[in-house]
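Novice: Dumping what TrEMBL says about this protein:
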type: DOMAIN; residues: 42-428; note: domain 'Amino acid transporter transmembrane'
type: TRANSMEM; residues: 73-94; note: transmembrane segment
type: TRANSMEM; residues: 119-139; note: transmembrane segment
type: TRANSMEM; residues: 171-188; note: transmembrane segment
type: TRANSMEM; residues: 200-221; note: transmembrane segment
type: TRANSMEM; residues: 241-260; note: transmembrane segment
type: TRANSMEM; residues: 281-299; note: transmembrane segment
type: TRANSMEM; residues: 329-348; note: transmembrane segment
type: TRANSMEM; residues: 368-386; note: transmembrane segment
type: TRANSMEM; residues: 392-414; note: transmembrane segment
type: TRANSMEM; residues: 426-445; note: transmembrane segment
Amino acid sequence: MGIGNGSSSDVLLTSQKAVQDETTPLLPVKAEEDAIHEFNGASFSGAVFNLSTTIVGAGIMALPASIKMLGLIPGILMIILVALLTEASIDMLVRCSHQGKITSYGWLMGETFGQWGRIALQASVVINNIGVLVVYMIIIGDVLSGTSTTGVHHSGIFEGWFGPHMWNSRLVVLLATALLVFAPLVSFKRLDSLRYTSALSVALAVVFVVITAGVAILRLVQGTVEIPKLFPEIDGISSVWKLFTAVPVLVTAYICHYNVHSIDNELEDKTQIKPIVQTSLGLCSTVYIATSFFAYLLFGEATLADVLSNFDSDLHIPFSSVFNDVVRVSYVVHIMLVFPIVFFALRLNLDGLLFPTARHISHDNRRFAIITISLLAVIYLAAIFIPSIWDAFQFTGATAAVLIGFIFPAMIILRDPYDVSTKRDKVLAVTMIVLAVVSNSVALYCDTLNIFYRKQEA
């Protein structure tokens, strides 16, 4: 059935089947003589780590460039603002879901807007998550095997250590990653099974922040860094429009809504979901602000769109190459551990689109295996044949991501199917829709113009 049934409330049997399937644990409990111990609910810390891992992904690498574009003060304020709006939008979803005893985002959209509401949500999650996972694989290929997409070759870690060989080419490295790392991790049927890898992933993100901050502070003490600009440089209307292109990156950096219900379903105490969301957003915002500030301080106006690419140059400190490798390796491992969390929601939503009336995918091993293998193959091939999808990432953030994170939750609270919204909720919902539509429309327009001009120059 996927992430939600979305059936009409007047079809009683279908609705009852939806409730039964959606509230069943993602990993079935077998009642055999040598029975497996029943799942007793996810822990608070495990839920925080899983949600934090969903949030912190490839977007963290683009945030320093966003700070460079917006200026230090407006950039940090925007990170905080998007975090607050994200917390508000998730709270809207959770309150409606608890009141209606609904256990998935797709089901909530279906109950609120009918079948097409569920389909719109699931299609948005599929588009967003496929784009994000392809970005993850491309970054892994760039870091481990190297890249020449900018016209300048940046050596990968394996190439730097062992020289160029067939075994460390992009095709082979990504294939080995898909088979040996991703395939085992995405085979789990319950999110809480990934709590330890999620905790390690968050720890690696902190390692990245600590090293970046340490190097930046050392360079600051040595007096070898430039003071970053506090506000953006405005030299015409075109520079104002360009500022909006940072919005999709900020939106994408906080998208986690598609996994909130899965995490909530595994909690024994449903009242824990609010502090879990707040703790996760607080943790991730701290990581985002620290990363953006110290990376921008370290590289200044030379900060690249993917700041990881800056770590193949001399940092002007002792053991520079060692720190470069530690930063890149830690981030690649972080991405590898984030991958299954995002993949979990992708598989569930694609199954909901293809088999909306079938039983839950965790109960059908054959369907589970076919969808898992097919998605891994598509993501792998896309990462091989698409050299860089940074512009596509921008478009994904300005379309599917903003729908999932802000527009759909605001529309639900305005429709208010369970009579939970206040006047403040409705004002906030209208504000979110207006801000999302205006800012991301401008960003799409600017990104389209940039692509057009680049093609003309080429």
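Each Cβ is built from the backbone N, Cα and C atoms, and glycine gets one as well.
Help me picture these features in the structure, burial and contacts included.
Specialist: If you look at the transmembrane segment (73-94), the same-chain residues 6 or more away from its ends with a CB under 8 A from one of its CBs are 63, 66-67, 105, 108, 230-232, 246, 250-251, 253-254, 256-257, 260-261, 264, 273-274, 277-278, 281, 284-285, 288-289, 292-293, 405-406, 409-410, 412-413, 421, 425, 428-429, 432.
Among residues of the same chain six or more beyond the transmembrane segment (171-188), those with a C-beta under 8 A of the stretch's C-beta atoms are 137, 140-141, 144-145, 158, 194, 197, 336-337, 339-340, 343-344, 347, 372, 376, 379-380, 383-384.
Residues 48, 52, 55-56, 60, 63-64, 66-68, 72, 75-76, 79-80, 83, 86-87, 202, 205-206, 208-209, 212-213, 215-217, 219-220, 225, 228, 253-254, 307, 310, 315 of the same chain lie 6 or more positions beyond the ends of the transmembrane segment (281-299) yet place their CB under 8 Å from a CB of it.
Here the transmembrane segment (392-414) has long-range neighbours at 58, 62, 85-86, 89-90, 92-93, 96, 108-109, 112-113, 120-121, 124-125, 127-128, 131-132, 135, 245, 247-249, 251-252, 254-255, 257-258, 386, 420-421, 425-426, 428-430, 432-433, 435-437, 440-441, 443-444, 447, meaning same-chain residues at least 6 beyond its ends whose C-beta is under 8 angstroms from one of its own.
If one looks beyond the transmembrane segment (426-445) by at least 6 residues along the same chain, the residues whose Cβ comes under 8 Å of a Cβ in the stretch are 85, 88-89, 92, 241, 244-248, 251, 394-395, 397-399, 402, 406-407, 409-411, 413-414, 416.
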Novice: In the same chain, which residue numbers or ranges, 6 or more beyond the ends of the transmembrane segment (368-386), come under 8 angstroms Cβ to Cβ?
Specialist: 130, 133-134, 137-138, 140-141, 170-171, 174-175, 178, 182-183, 186-187, 189, 343, 346-347, 350-351, 354, 361-362, 392
Novice: For the transmembrane segment (119-139), find every same-chain residue at least 6 residues outside the stretch whose CB is under 8 Å from a CB in it, and list them.
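Specialist: That would be 2-4, 6, 57-58, 61, 105-106, 109, 113, 174, 177-178, 252, 255, 258, 306, 308, 332, 335, 338-339, 342-343, 345-346, 349-350, 352-353, 375, 378-380, 382-383, 386-389, 392-393, 396, 399-401, 403-404, 408.
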